[in-house]
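Trainee: The following feature annotations were taken from Swiss-Prot:
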type	residues	note
TOPO_DOM	1-47	topological domain 'Cytoplasmic'
TRANSMEM	48-73	transmembrane segment
TOPO_DOM	74-102	topological domain 'Mitochondrial intermembrane'
TRANSMEM	103-122	transmembrane segment
TOPO_DOM	123-772	topological domain 'Cytoplasmic'
ACT_SITE	473	active site, proton acceptor
BINDING	555, 556, 557, 558, 559, 560, 561, 562, 563, 564, 565, 566, 567	CoA binding site
BINDING	589, 602	(R)-carnitine binding site
């Protein structure tokens, strides 16, 4: 096969005349170019490391300081106050021709200038860290900014005015603070008050007070100690104990999905759309490696932590019997592709040159045209990644630790990411309510064996050119993959484009070797393990009810007429909808980010509050005046916004209690309070999907260029998972998941309640689409 010759640099055979070596010049050329490319990347990393290390300074500023010192010395002005002379006296004795007094004086001035420059950088960086520790601006109304906040904003802008690289602010970000135990306990009790009757609340209050007085002080000391030496006192434990140690299937339980633009279509040619998307992703990876991506900034000046972006590509979750492992490679030059039960390896480079979209389209089309059947056991192989983690770890160790199976598995696990060429078509038809839900189901779990759920993300290509992502959760949270996805969709639409016939622009290089088919030798025992995992995954997938819909009456623009945040508006509507659906309040999880702190990930906002419960109960009674309902709504909204701000600034509830629980386990300390808190089910798990993190186009000029967001599976057996995207000024998308096996839940019924709740709250403020 042609690809085999490309992969081998030389061959040799033993003959009666000796050993005959046959060199492949083309293969050696590729190896040489690959080595050159690798060294280029290393040099870029070294350069970026230097530039990042001296931020907010620069090599230019160092040169200015040196020139100022030398110039002042030339003018007989000693700005060093004798330090240059002191440094000169401390230099080793002069040797040879170059050890002249002038040379030593110049060297002393350079050393002095470098010290002054480095001291200035340290001072500016510590000052910036101190400034970024101030979060008072989050709790102020935009129209009532204090003088302190205005001065703070000016100082931050001055210290971060130079164009930053992706990781320039990492060492200037403050550490996540450890809240005080009494504050956390107080906020916890306040959060569960609307969920408990008086007797249950008194019992919980007693447990909390006992914990606060007896057990918590010791646990808190250890946690504070960890916060002093660890970069982030939460993130490593969160990654390990919440994600990597979970033995449940990743599919549905952990992985989540992201949708394509659904209101426009760029092309119907599957291979062409995929060619553009893969090319755009590797362009993004190149920018990531070179740190050319701008860090995400709140208000355009407060940097967010970029740590999670490091493991976006070349990353796989490796199964283990007790805990999984995240394997991240510094480089990968290929993608793994699945189509009709077969696995392929597709190179992304020719030598050191990234393949053009048209070349990638040709490679993917070759796979689509390949008529070869799957090898025995190959078709459902990926079901191992969809089933239990222990079973997959055992099968991997037994059947994939040597030979061609190991080689092929390495090709998948060491790929930049995983690609699947689906045989089904999906699209969003506003007249067909089920179309968006079917598309979401396909992205969430597919047929249980056409996604490699262990990869950092799987790029899914439908037959009609529609795209989607399935993302593993442990390495990063949704805003990170959302940043990549916005870049890909924007680059595909506005920069790469297509010909009139729907193909990628340009002419393909037909001399490229075809994709390499991955060989397998899967014994009968392994096939049984694959089938068992498939049955587990299929039962899980069949039990998921997913209801996705577009809410058309209004969006962010008209919500602002209520003088509240769009997120608070939706969260209160969810509380009203849930009460109408089940007749009771429940523990509600909303994901908030803590990326204003170094290596921060998420915190929980407990959206069911006393204030939101009071509003819901008043709405249910139907006897209150509209003005009273408006007042109750505003109180609930203000409470929600305040809780969200507290969570973002490190004063949340659940991560603190989670870490105290981990410390108690390490110390062997029993805590009935922590055990009960950590076992409480989240019957309503919610998340807002971010958008427009990166400016690729003007949404006002292109209002139909909207993704539909994404979603996840239900967290509790009798609960709902709800994700929503407030997509611009005039519309919203909702993704609701539940389990068919639960008699308490129905995703479509809950979706209808959400629709009505949004309309009812809007009616309180007489908001209609005609008001815009």
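Any Cβ shown, glycine's included, is placed from N, Cα and C.
Fair warning: this is a prediction, and the values are worked out from it, not measured in the lab.
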Trainee: Take the Cβ of residue 559 (CoA binding site) and count every other Cβ within 10 Å, whichever protein chain it belongs to.
Mentor: 24
Trainee: Using a 10 Å radius around its CB, how many other CB atoms surround residue 589 ((R)-carnitine binding site)?
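Mentor: That number is 23.
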Trainee: What three-state class does DSSP give residue 563 (CoA binding site)?
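Mentor: The residue in question, residue 563 (CoA binding site), is coil (DSSP, three-state).
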Trainee: Pick the one among the recorded positions 473, 561, 563 whose Cβ has the fewest other Cβ atoms within 10 Å in this structure.
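Mentor: Sparsest of the recorded positions 473, 561, 563 by Cβ contacts within 10 Å: 563.
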Trainee: Let me make sure I understand the span of the CoA site: among 555, 556, 557, 558, 559, 560, 561, 562, 563, 564, 565, 566, 567, what is the greatest distance between any two Cα atoms, in Å?
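Mentor: Value for the max Cα separation, rounded to a whole number: 14 Å.
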Trainee: Could you check what DSSP calls residue 589 ((R)-carnitine binding site) once collapsed to helix, strand or coil?
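Mentor: Strand, per DSSP.
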Trainee: Can you tell which of the binding-site residues 555, 557, 565, 589, 602 lies nearest to residue 473 (active site, proton acceptor) in space, using Cα positions?
Mentor: 602
Trainee: Residues with Cβ closer than 8 Å to the Cβ of residue 555 (CoA binding site), same chain and 6+ apart in sequence?
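Mentor: When sequence neighbours closer than 6 are ignored, residue 555 (CoA binding site) has 726, 727, 728, 729, 730, 731, 732 within Cβ distance under 8 Å.
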Trainee: Taking the Cβ of residue 567 (CoA binding site) as the reference point, list residues of the same chain whose Cβ is under 8 angstroms away and which are at least six residues distant in sequence.
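Mentor: In sequence order, 640, 644, 688, 726 meet the Cβ cut-off.
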Trainee: Ranking the binding-site residues 565, 602 by other Cβ atoms within 10 Å, which is at the bottom?
Mentor: 565
Trainee: Can you check what DSSP calls residue 555 (CoA binding site), collapsed to helix, strand or coil?
Mentor: coil
